[in-house]
Amino acid sequence: MPTESGSCSTARQAKQKRKSHSLSIRRTNSSEQERTGLPREMLEGQDSKLPSSVRSTLLELFGQIEREFENLYIENLELRREIETLNERLTAEGQAIDGAELSKGQLKTKASHSTSQLSQKLKTTYKASTSKIVSSFKTTTSRAVCQLVKEYIGHRDGIWDVSVARTQPVVLGTASADHTALLWSIETGRCLVKYTGHVGSASGDQTAHIWRYAVQLPTPQPVADTSQICGEDEVECSDKDEPDVDGDVSSDCPTIRVPLTSLKSHQGVVIAADWLVGGQQVVTASWDRAANLYDVQTAELVHSLTGHDQELTHCCTHPTQRLVVTSSRDTTFRLWDFRDPSIHSVNVFQGHTDTVTSAVFTVGDNVVSGSDDRTVKVWDLKNMRSPIATIRTDSAINRINVCVGQKIIALPHDNRQVRLFDMSGVRLARLPRSSRQGHRRMVCCSAWSEDHPVCNLFTCGFDRQAIGWNINIPALLQEK
């Protein structure tokens, strides 16, 4: 009579055990659904003083929490089953693995290692799921009012950068891949001057240009009311909804073709530039992995700031001190100190896991950095070992900007969204975006203007337009 071998018998027992365990999981889930459904129906039937909309929102949120924990529970059971199956297989094959005999100690070590890997997977899954739940509650009880005020249309290619003049008259500046830079009247949306001195995309010709123009602002016109309350349920739109923004700049717009000063020391694309306090020096960042400090009057190179391992992505200067921060694709940003003429110190900060797209100074001794790793981190210059706040998002982050007065961070994303957070990492709002307003492609940059009475935030993107917004944050949020 034929008999079963030991390994076949063990495998059959393991299969029966898995089948029984699977049935147990299904029965458990079914009974739990019956138990969890009853209280929800009872809650919906009870009298409450809460408004119906608030109750519906709460019930929906608690339903999401219930589903998340149910999924965690099921995955926990599945992982435990995998651990048991692995242990059974190791026990059955313990006499012939890799053609060698394993002692009980070696077998226990191998099983322990595999169990540890699965345990780590369970911890990671649990952490990710609970983080999703916590982030859904990390919102403010008040809603910011975000009003689209003006669209600035005239570039023929994507806009890389947007900036606002720090002195009077307050005008808007944009730099584009169409080889031009434009100055705009914030109130009317009219182009004031067009600069065509570059022969590459923005500063793709490896140079930085300084040019001057006497601005005469036109008479402001009444602004149409396009106010809209910011929310997280804005209508999405696709690229096919993008309007035709190939409109040309008005023919009466003056054109400047020759720079006042040309700074020529880089061996790669100049990706950013900023003025040092006092206006006598300017710093530029390039894809040649260096940042250069120039004297404005002589156009001479004063310092070449080297040390980054990959291309630079941004540079920023402190508003009141001789400090420069540079960011790079090497996942770091560096702080350069020129306050002491005899000593030029540098500090390297490694807090991200992907390209640092920008790092900017803010109020006091804080630096805010954004990255392609989908995080924004707030740092204290007095203790840069770890961030004092971390903001986690669902998309890569481009050039951030901070409103110093209200302490609000604007986050432009690859996914066409622009979100607002406070310095502690609490989400305040998301700019409205639909088929009628907002950006239709990746948002590259943002800039605050705290002195302008109407527009206080500007954004630009690959849809070839810049947009001016009026952001009204409730007083409750400003006091937080």
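Placed from the backbone N, Cα and C atoms, the Cβ positions cover glycine too.
What you are looking at is a predicted structure, and each value in this text was computed from that prediction instead of being measured.
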- Given the ranges 69-96, 153-180, 209-236, 433-460, which one is assigned the annotation coiled coil in TrEMBL? 69-96
- With DSSP, how much of the repeat 'WD' (152-194) is helix, how much strand and how much coil, in residues? 0 helix, 21 strand, 22 coil
- Message: I need to check the long-range neighbours of the repeat 'WD' (349-389): which residues 6 or more away from its ends have a CB within less than 8 Å of a CB in the stretch?
- Response: 313-314, 316-319, 323, 325-329, 331-335, 395-402, 404, 407, 409, 411, 421, 423-425
